[in-house]
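Feature list (source: Swiss-Prot):
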BINDING   7, 8, 9, 10, 11, 12, 75, 76, 77, 102, 103, 104, 105  NAD(+) binding site
ACT_SITE  132  active site, proton donor/acceptor
BINDING   133, 142, 143  (S)-2,3,4,5-tetrahydrodipicolinate binding site
ACT_SITE  136  active site, proton donor
């Protein structure tokens, strides 16, 4: 399988270049960064592209890839409901093309989101804290936002988080994602970390995941690359490939 990497000079992208080059069953067909023409992908007969670029350019990348029938595995963040709808509209004309967009490719992070969804309905309170390096473009992270949405979905019909706060400084209680407070930390020395806190009378459950190195994303990305053709259309999250429902 011929695989191209977009964002090849970034920290995650460079990790993916090395991973693809080291895989016996994959061929690195192109490695592109800012300013490189996307036509290099078609020139290299690329079948699947790994995109770890920037929210400002990822939609243009996807439009090109879909138009050319190239499958896409996307770790770039910043996707909204409107962006997902746009991707789906492009895919209508290319029913055999696959796009997988995931907020996190670390297997442990995907499992932690799944565990949080399972635990959510058993506790009165839930909050999310995400911690990342200071170069991250958005806050909260895509993983934290998705985690909060999964928790809110699992708690549908239950009372809201108890919170007697009547006055606070702006942002002190975090961002509100579907009723779940999400707090973002940006600190030198961090890579990617998340804590999900659940509380009820007499006990607290903490689900924590730490990516200590960007190689933690490699197994999930390569799994998606190898299996993406099995899922035409848009897939959001790595969960379907791990049989997590």
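Glycine residues also receive a Cβ, built from the backbone N, Cα and C atoms like all the rest.
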**Message:** Between all pairs in 7, 8, 9, 10, 11, 12, 75, 76, 77, 102, 103, 104, 105 (listed as NAD(+) binders), what's the biggest Cα distance, rounded to the nearest Å?
**Reply:** 20
**Prompt:** Ranking the binding-site residues 77, 143 by other Cβ atoms within 10 Å, which is at the bottom?
**Reply:** 77
**Asked** Relative to the mean position of the Cβ atoms of 133, 142, 143, the recorded (S)-2,3,4,5-tetrahydrodipicolinate site, which additional same-chain residues have Cβ within 8 Å?
**Response** 77, 103, 104, 130, 132, 136, 138, 141, 144, 192, 194
**Asked** What does DSSP call residue 132 (active site, proton donor/acceptor) in the simple three-state scheme?
**Response** strand
**Request:** Return the member of 132, 136, 142 nearest to residue 11 (NAD(+) binding site) in space, with distance defined Cα to Cα and candidates limited to these recorded positions.
**Result:** 136
**Prompt:** Among the recorded positions 7, 9, 77, 103, 105, 132, which ones place their C-alpha within 10 angstroms of the C-alpha of residue 142 ((S)-2,3,4,5-tetrahydrodipicolinate binding site)?
**Reply:** 77, 103
**Complete:** Ordered by sequence, the long-range same-chain Cβ contacts of residue 75 (NAD(+) binding site) under 8 Å (at least 6 apart) are 12, 50, 51, 52, 102, 104, 105, 217, 221
**Prompt:** If you measure residue 143 ((S)-2,3,4,5-tetrahydrodipicolinate binding site) to residue 103 (NAD(+) binding site) at Cα, how many Å is it?
**Reply:** 5
**Spatial separation of residue 136 (active site, proton donor) from residue 103 (NAD(+) binding site) - C-alpha basis, Å** = 13
**Request:** Might you list, by sequence position, any residue in that chain lying six or more from residue 133 ((S)-2,3,4,5-tetrahydrodipicolinate binding site) with a Cβ less than 8 Å away from its Cβ?
**Result:** 186, 187, 188, 189, 190, 191, 192
**Message:** In whole Å, how far does the CA atom of residue 9 (NAD(+) binding site) lie from that of the residue listed as 'active site, proton donor/acceptor'?
**Reply:** 20
**Asked** Is residue 142 ((S)-2,3,4,5-tetrahydrodipicolinate binding site) helix, strand or coil when read with DSSP?
**Response** helix
